[in-house]
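Working notes, beginning with the structure itself.
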Amino acid sequence: MPPNSVFLLPVLCLIVPIYSRGFFGIPGDYCSVRTHTCCENRDDDCTVPILGDHLCYCDMFCDRGPDGGNDCCPDFEATCRGKDIQNDQRIDGESCSMDGDTKEKNCEKCTCHNGFWKCDGTACLIQPDILEKIHTGRYSWSARNYSAFWGRSLSDGIKYRLGTLFPERSVQNMNEILIKPRELPEHFDARDKWGPLIHPVADQGDCGSSWSVSTTAISSDRLAIISEGRINSTLSSQQLLSCNQHRQKGCEGGYLDRAWWYIRKLGVVGDHCYPYVSGQSREPGHCLIPKRDYTNRQGLRCPSGSQDSTAFKMTPPYKVSSREEDIQTELMTNGPVQATFVVHEDFFMYAGGVYQHSDLAAQKGASSVAEGYHSVRVLGWGVDHSTGKPIKYWLCANSWGTQWGEDGYFKVLRGENHCEIESFVIGAWGKGSKRRRRFKMRKLRRFRKMFK
């Protein structure tokens with residue numbers, strides 16, 4: 001027997017189960033959104049991304065029968081063969097042949113018992129029935145299935161995709177900075193005013209670190225703006241996550257006031273110095289720039305090996321009034337602000353438009369409902385006229401990567417404290433050279449004169 005054949009069989013054993021499993025049951029538009037929806041015969045370029053870095057196929061070769069495997073896209077049968085596959089997706093209550101067999105339906109585990117499939121009823125992050133109702137109903141926003149969220153439980157999403165703990169009473173009651181109103185345009189986008197000084201959308205991954213990611217994102221933007229671009233680093237959310245662990249919960253959430261305390265007292269290095277890794281590990285990790293290193297004569301050492309270990313500090317944060325006009329004026333004058341809001345189960349499926357929380361999950365029962373606090377950057381505002389009725393919105397940058405929402409951004413109803421989006425809004429100024437500090441003090445004095 002040739003030596004090569006010894007190694008061929010194990011490889012085939014690994015490949016066949018993957019193909020035979022296929023991508024069936026993952027809702028969403030795949031073949032149907034291609035320019036040329038389906039391809040005749042075999043076409044290895046007739047693909048659509050699915051489940052992160054995987055590909056599914058829309059060519060007639062993708063379904064090679066039970067022995068040949070199946071790597072077709074989930075909507076292949078409906079789009080390319082015109083078959084109604086709705087009934088095929090129902091598992092719970094259907095008959096089965098072997099007691100003890102198990103299947104997965106989205107995030108649910110289904111077991112064959114007494115000749116019938118019984119699923120455990122776990123609420124999933126992607127709920128196909130809600131997707132369908134949003135698609136066919138009259139809503140101000142659209143929804144879609146995200147392959148990165150498919151197969152994940154709702155509780156898992158709340159735990160690892162959010163991460164801001166509800167502010168303590170003393171923090172909620174902090175004094176608000178009042179701002180003299182100014183003439184406000186119908187639309188404003190910080191990216192238009194400050195361009196490259198506004199940093200791109202982050203991706204917190206599977207770590208409940210929005211408390212860290214949003215704080216460093218706001219700091220990065222504000223430092224760049226107040227320094228007029230002389231400081232334009234993306235600050236390290238990993239350092240804040242790993243090193244600010246006193247009374248924090250790492251990848252299971254944190255308090256914004258303690259995050260701001262750390263960045264004010266010690267400062268945070270750039271992301272190039274201390275890159276983000278917790279999105280894959282689900283752990284905050286050990287602090288690689290301990291507090292004692294700040295007094296080291298040799299300076300801080302970058303975990304990445306970079307020679308640039310400059311640490312940047314911020315001034316004490318301030319709470320912006322919850323009045324719509326005050327938030328707008330602060331945003332247009334000083335840059336993006338940090339907002340905490342309540343994320344409900346349907347928000348995970350947001351694709352575009354002006355988000356307004358629906359009661360579709362509540363209609364199904366309490367087990368389909370969940371919520372948690374999340375913090376994001378607010379970059380601007382506008383008015384949506386697409387539905388025939390003007391809808392005011394806030395423009396926000398989420399931290400779920402650019403594949404989610406509108407390239408990582410979302411719009412949410414403005415002026416009604418929807419999902420508490422206007423209840424806890426934070427701003428801060430960056431610390432820099434003495435010249436910049438004097439500039440900020442003069443700026444503060446000008447603000448104080450406004451209020452006299």
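Glycine is no exception: its Cβ is also placed from the backbone N, Cα and C atoms.
A quick note: this is a predicted structure, and the numbers were derived from the prediction, not measured.
Straight from Swiss-Prot, the features:
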type: DISULFID; residues: C38-C46; note: disulfide bond
type: DISULFID; residues: C38-C58; note: disulfide bond
type: DISULFID; residues: C46-C80; note: disulfide bond
type: DISULFID; residues: C56-C73; note: disulfide bond
type: DISULFID; residues: C56-C58; note: disulfide bond
type: DISULFID; residues: C62-C72; note: disulfide bond
type: DISULFID; residues: C73-C80; note: disulfide bond
type: DOMAIN; residues: 34-85; note: domain 'SMB'
type: CARBOHYD; residues: N145; note: N-linked glycosylation site
type: CARBOHYD; residues: N232; note: N-linked glycosylation site
type: SIGNAL; residues: 1-20; note: signal peptide
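Residues near N232 (N-linked glycosylation site) in space but far in sequence (CB under 8 A, at least 6 apart, same chain), listed by position: P196, L197, L223, A224. Spatially close to C58 (disulfide bond) yet at least six residues away along the chain are Y30, C31, R34, T37, C38, C39, C46, T47, V48, C72, C73, F76, T79, C80, judged by Cβ distances under 8 angstroms. A separation of roughly 8 Å, to the nearest angstrom, links the Cα atoms of C56 (disulfide bond) and C62 (disulfide bond).
DSSP assigns C56 (disulfide bond) to a strand segment in the three-state reduction. Neighbour counts were taken at the CB atom with a 10 A radius for the disulfide-bonded residues C38, C62, C80; the maximum falls on C62. Mapped onto three states, the DSSP output places C72 (disulfide bond) in strand. Mean pLDDT for the domain 'SMB' (34-85) in this predicted model: 78. It is 22 Å from the Cα atom of C62 (disulfide bond) to that of N145 (N-linked glycosylation site). Under the three-state DSSP scheme, N232 (N-linked glycosylation site) falls in the coil class. Cβ neighbour count within 10 Å across all protein chains ranks C73 highest among the disulfide-bonded residues C46, C56, C72, C73.
There are 22 other CB atoms within 10 A of the CB of N145 (N-linked glycosylation site), with all protein chains counted. In the three-state DSSP assignment, the secondary structure recorded for C46 (disulfide bond) is coil.
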